[in-house]
Amino acid sequence: MKTANHTEVRGFVLQGFSNFREHQLILFAVFLTLYLLTLAGNVIIVTIIRVDHHLHTPMYFFLSVLSTSETCYSLVIIPRMLSGLVGLSQSISLVGCGTQLFFFLGFAITNCLLLAVMGFDRYVAICNPLRYSIVMNWRACTILASSVCASGFLLSLVQAVAIFRLPFCNSLIEHFFCDVRPVLDLACVTPIVNDILTLTVSLLAITAPATFLLISYVLILSTILKIASAEGRKKAFATCSSHLMVVIVHYGCASIAYFKPKSENTKDQDQLISVTYTVITPLLNPVVYSLRNKEVHDALRRVVGRKSLP
């Protein structure tokens, strides 16, 4: 718990990528390209799932929700980051910072929980195929998706309110957006309850669903290995390989970012990790599902072919 005398802070300044000042235009071009690819990829996935009835299944329903959430997640962070790279104002109001933190955490937690739900969908499909249509009916899918979104933003609200009730002694955020640790570092006093709350949210948003996914995939792998034919095993694994790749990168980045000891934090390391989970990870979802998924390939061909007909 740290304490200090303080004056009222009404706004913050985002330091951004000041250590890479001579490369900021290059960074702008790279991040803008990745951002546009992310938006285009996720919009294409959501559109294909919506218009092609072959993809009207629980797995693709959750994928469309994830793509929508990833798109909103990118919109919260990247436009302001890009404006800072071209020299526009880096100042942000107290309310603006709190709003950005709230939506960033809300969509980030929602994405983590959605990946866990998608893992449960794959578990039921592979381990209990005869009960799949009963367990994963449309009412259950809608309730699961709604509950995940509500839980994500409820946890985000609790975290954001707890942080922005604190007094701040400094206005310079050594980061390119309002993240939990950089904002907490500016607080004049950080009660132990805030540290406990941050750890609790991290455990609920990252550790709990990651543990659930680990157990699910152990059971899935056990079931796949019991399939007699090699072709059957290959087909079963193909239905969850794309999801597994996204899970490993997503939870890996989140775990490094939020469970790394404070003493090991450096500004450049934090920014590199943050770029990974704010710029790279949202792009991973459409890339993996479009490049590795035959059903999405086939649906895209059908949609394109339908549009090209006279």
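Placed from the backbone N, Cα and C atoms, the Cβ positions cover glycine too.
Quick look at what TrEMBL annotates:
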type: TRANSMEM; residues: 25-48; note: transmembrane segment
type: DOMAIN; residues: 41-289; note: domain 'G-protein coupled receptors family 1 profile'
type: TRANSMEM; residues: 60-81; note: transmembrane segment
type: TRANSMEM; residues: 101-120; note: transmembrane segment
type: TRANSMEM; residues: 141-164; note: transmembrane segment
type: TRANSMEM; residues: 203-225; note: transmembrane segment
type: TRANSMEM; residues: 237-259; note: transmembrane segment
type: TRANSMEM; residues: 271-291; note: transmembrane segment
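No contact links the transmembrane segment (237-259) to the transmembrane segment (60-81), because fewer than 3 Cβ pairs that are 6 or more residues apart lie under 8 A.
Using a Cβ-Cβ cut-off under 8 Å and counting only residues 6 or more beyond its ends in the same chain, the transmembrane segment (25-48) has close neighbours at 17, 55, 63-64, 67-68, 70-71, 74, 78, 81-82, 85-86, 275, 279-280, 282-283, 285-287, 289-290, 296, 299-300, 303. Ranked by the number of CB pairs under 8 Å to the transmembrane segment (271-291), the listed stretches 60-81, 101-120, 141-164, 203-225 are led by 60-81. Under the criterion of 3 or more C-beta pairs below 8 Å, with sequence separation of 6 or more, the transmembrane segment (203-225) and the transmembrane segment (101-120) qualify as touching. Across all of the domain 'G-protein coupled receptors family 1 profile' (41-289), the predicted model scores a mean pLDDT of 87.
Residues 58, 61-62, 65, 69, 94, 97-98, 101-114, 117, 180, 183-184, 187, 193-194, 197-198, 201, 204-205 of the same chain, all 6+ positions outside the transmembrane segment (141-164), place their C-beta atoms under 8 angstroms from a C-beta of that stretch.
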